[in-house]
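Quick look at what Swiss-Prot annotates:
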- 6-26: transmembrane segment (TRANSMEM)
- 62-82: transmembrane segment (TRANSMEM)
- 122-142: transmembrane segment (TRANSMEM)
- 196-213: transmembrane segment (TRANSMEM)
- 225-245: transmembrane segment (TRANSMEM)
- 252-272: transmembrane segment (TRANSMEM)
Amino acid sequence: MPLLPVALISSMLYFQMVIMAGTVMLAYYFEYTDTFTVNVQGFFCHDSAYRKPYPGPEDSSAVPPVLLYSLAAGVPVLVIIVGETAVFCLQLATRDFENQEKTILTGDCCYINPLVRRTVRFLGIYAFGLFATDIFVNAGQVVTGNLAPHFLALCKPNYTALGCQQYTQFISGEEACTGNPDLIMRARKTFPSKEAALSVYAATYLTMYITSTIKAKGTRLAKPVLCLGLMCLAFLTGLNRVAEYRNHWSDVIAGFLVGISIAVFLVVCVVNNFKGRQPENGHIHRDNVARMPMTNIPRVESPLEKVTSLQNHVTAFAEVT
C-alpha cells in the first residue's frame with residue numbers, strides 16, 4: 001500500500017483545483033461577458049451565402065442548447081460511474097487483484113479507494129476537456145467573426161443607402177446593419193460550431209472509455225452498437241445545424257475536428273487510455289534493464305595471467321608443506 005505525504009497530496013490537489021477554476025472562469029468570460037471583442041467581418045451585397053431565412057432563436061432548434069448541454073454533462077457522468085462500479089465489483093468477485101489499482105494511503109488517516117480515485121480522475125478530466133472545448137470554440141468565433149448563413153436576415157442592411165447597385169460591392173463596418181445588435185453579434189460567431197464540437201467531444205470521450213474499459217465477454221456487438229450510436233448522435237447534431245441554416249458546413253467540420261482532437265489528446269496523453277497504474281515491479285525491472293550493458297564481451301585470460309596464477313599456487317603449496 002503506497003504511502004504518500006499529506007503535504008504533497010494537498011499541494012497537487014490545490015494546484016489542479018486552481019487550473020480547473022481558471023479554465024472555468026475563462027470559459028465564463030468568453031460565454032457571458034464582452035471582455036473579448038468579436039471581429040467584425042464584412043460581406044458582399046446580396047451575397048447568397050448569407051441570405052438564408054432566419055430559423056428563429058436557439059431554443060426553437062431541434063437540438064436546443066438545454067438538451068445538448070444536459071446530455072453532454074449527464075450521460076458521461078452516468079456511464080463512467082456505472083462502468084467503474086461494475087469493473088471494481090467484477091475485480092472483487094473474480095479476485096483479480098493484479099489488474100486492480102492499489103489503495104493509496106495519504107498520511108495516517110486518509111485512504112483513497114481505487115474506485116473513487118478512478119471515477120474522480122476520469123470525470124475531472126472530462127469536465128476539464130468540456131470547458132477547454134468551449135474555450136477553443138469561443139476563441140475561434142471571436143477571432144474569425146464568421147457570418148451565419150442567415151446573417152443578412154438579421155442584419156437588414158439598407159442597400160439603397162449603402163449604394164449596392166452591384167453584387168460585387170463589399171460592405172464593411174457595423175453601421176451597415178439596422179437590425180437587433182444582440183442578434184447580429186450572435187450571427188457573427190459561427191466558426192467553429194460549438195454544438196458540433198461539444199457533441200463530438202462527449203461522444204469521442206465516451207466511445208474511447210467504453211472500448212478501453214469494458215472487456216467482458218458477450219460485448220462484441222454491444223460495444224460497437226453503443227459507440228456508433230453515440231457518434232451518430234454527434235454527427236446528426238452537426239447535420240441539424242446545417243439543415244436549419246445556423247451554421248455552414250465548414251463551421252461544423254471545424255467543430256468536429258476541435259472536439260475529436262481534444263478528446264483524443266486527453267484520453268491518450270492524460271489518462272493513458274483509462275488504464276490503471278503500472279505495478280512497481282515493472283519499474284524495478286526497467287531500472288535493472290537500463291543498467292545492463294548494451295553488449296557482453298567475454299573476458300579472455302592472457303598467458304601471462306595463467307603463469308602468474310600457477311606460480312601463486314606453487315608458492316602457496318610450498319608454504320603449506
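Heads up, the Cβ atoms here are built off N, Cα and C, so glycines get one too.
Looking at which of 6-26, 62-82, 196-213 has the most CB pairs under 8 Å to the transmembrane segment (252-272), the answer is the stretch 196-213. Proximity of the transmembrane segment (6-26) to the transmembrane segment (122-142) is established through 3 or more Cβ-Cβ distances under 8 Å for residue pairs spaced 6 or more apart. Just going by CB pairs under 8 A, the stretch in 62-82, 122-142, 225-245 that sits most against the transmembrane segment (196-213) is 225-245. If you look at the transmembrane segment (62-82), the same-chain residues 6 or more away from its ends with a CB under 8 A from one of its CBs are 119, 122-123, 126, 130, 195, 198-199, 201-202, 205-206, 209-210, 237, 240, 244. Long-range contacts of the transmembrane segment (225-245) within the same chain, counting only residues at least 6 positions beyond its ends with a Cβ under 8 Å from a Cβ of the stretch, are 52-53, 55, 61-63, 68, 148-150, 193, 195-196, 199-200, 202-204, 206-207, 210-211, 251-252, 255-256, 259.
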